[in-house]
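**Q** This structure is in structure tokens; I'll ask about it shortly.
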Amino acid sequence: MNTSRALLYSFTDPTFRPLKSPPDISSPKRRPRERLNFRVRLHADHRCCVFRVSVRNSGRGETGKVYADVKSERYEIVDSVPESVKLEKDALDDVVLDSTMPWWEEFPKRWVIVILCFSAFLLCNMDRVNMSIAILPMTAENNWNPATVGLIQSSFFWGYLLTQKVLGFGVIWWSVATILTPVAAKVGLPFLLVVRAFMGIGEGVAMPAMNNILSKWVPVSERSRSLAFVYSGMYLGSVTGLAFSPFLIHQYGWPSVFYSFGSLGTVWFAAWLTKAHSSPHDDPQLRPAEKKLIFANSFSKEPVETIPWGLILSKAPVWALIVSHFCHNWGTFILLTWMPTYYNQVLKFNLTESSLFCVLPWLTMAFSANLGGWIADTLVSKGLSVTTVRKIMQSIGFLGPAFFLTQLSHVDSPAVAVLCMACSQGTDAFSQSGLYSNHQDIAPRYSGVLLGLSNTAGVLAGVLGTAATGYILQHGKNSSLAFITAGSWDDVFKVSVGLYLVGTVVWNLFSTGEKILD
């Protein structure tokens, strides 16, 4: 007959004392010793259970662990518990989980996944916006004209269009492409375009893969805040990339931006391989309590076996979503890729000032997105229809940027111009509570399909918009990037404003917040 010990409970309680302290170890005149050990024997008929109790004074209260001696012998399982082994009522009411374990071992695994997704999105936008800063010294070094710059900026979206599924694969793919960017630029323009397209392929998998992973790991009750946290990584990534790129360029040259940012992706990938699993079912280290919480608060959808493309494409709200996504992203991607150039060439900011002032719109966007979400939820809770709320939020997301971009041609102060840019991006962020929330509204089961459709249209706007901006600037009053005039930029902004107005009309005429597809 073999005997072993099993850990039953670990607990911490500042008021904990044994119900009946053994006389040989307790002392009413002094504090408990640093460590107390005693046994509790429970007798039932001819059987005996032995519990070992360890109590330690940590200075903040007593912590304890309860072990049981387990013997490998046959025993009879009974339906009722003998009175002699019943614990005193409410004896374990104050028991909590062990706080003596390192905090990183107690940290919920699902939030490890959330943090990794957040950091992946942070790196995603860091690696995306670094080119918007580095393109300035690269242009001077290679004597590129605006049309060529627009072609380089848009090449990223060529690859992005192809992938709209594995997150870890995507991060390591785009990180390697980022590292290879300086090498490709030295070899020649065609090689640079290919590498940037490859980077777009890697980043194209990020959003759908992240949504798929979080839908498995995060219970419904925590999904909104986890998604908000993950998406805020994109804004923070833009801020980080724009803030650190000028320093790296001035200190170590423009290639250092790509080498350093790309290397961070390899570090992330190593952490992902050791800490993450695609599903809670696949994680052998996931604690049973957390697994129970995840599955108890999740709802299972009937899998989509066939996609009714004809039915989906026959619905006017679906086309309203697609067209509006295109109109929205045209202006957004132009500001993302060309804003530092505008600050540098039109407002005459130097490289460091250009990147630092580019941070302000992204910070404004992070604040406004959360503000818009709070307003939308409040309006719905007060009885306003989802359709009305979506139209209000998206109208702000269209008309706000349109208004502030039109003001840029009338301002003479760089400070006011920066303020207009920040307000444009800030009102743009209300779209998070408009069209970006509409996929789940109108077709919950096919929301992924709708996201793929509308996001493809949005990325197509990125391809055409960034390239068209370079063409407009190239064929403006001057052909050299160094002599771009404010008049050339007025034409760029007019196109964006026109599309914002088209999107406003289409959205308000044809969108809905009601479910149209089961």
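Just so it is clear, glycine is given a Cβ too, placed from its N, Cα and C backbone atoms.
Owing to the predicted nature of the structure, the values given are computational and were not obtained by experimental measurement.
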**Q** Could you check which of 112-130, 492-510 is flagged in TrEMBL as transmembrane segment?
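**A** Checking TrEMBL against the ranges 112-130, 492-510, the transmembrane segment one is 492-510.
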**Q** In TrEMBL, one of 398-422, 448-472 is tagged transmembrane segment. Which stretch would that be?
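**A** Among 398-422, 448-472, the range TrEMBL annotates as transmembrane segment is 448-472.
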**Q** With Cβ-Cβ distances below 8 Å as the criterion, list the same-chain residues six or more beyond the ends of the transmembrane segment (318-339) that contact it, or say none.
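**A** Sequence-distant neighbours of the transmembrane segment (318-339): 128-129, 131-132, 153, 157, 238, 312, 358, 361, 394, 397-398, 401, 405, 421, 424-425, 428, 431, 435, 438-439, 442-443, 450, 453-455, 457-462, 464-466, 469, 492, 495-496, 499-500, 502-503, 506-507, 509-511, 516.
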**Q** Taking every residue in the domain 'Major facilitator superfamily (MFS) profile' (95-515), what is their average pLDDT?
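**A** Result for the domain 'Major facilitator superfamily (MFS) profile' (95-515): average pLDDT 83.
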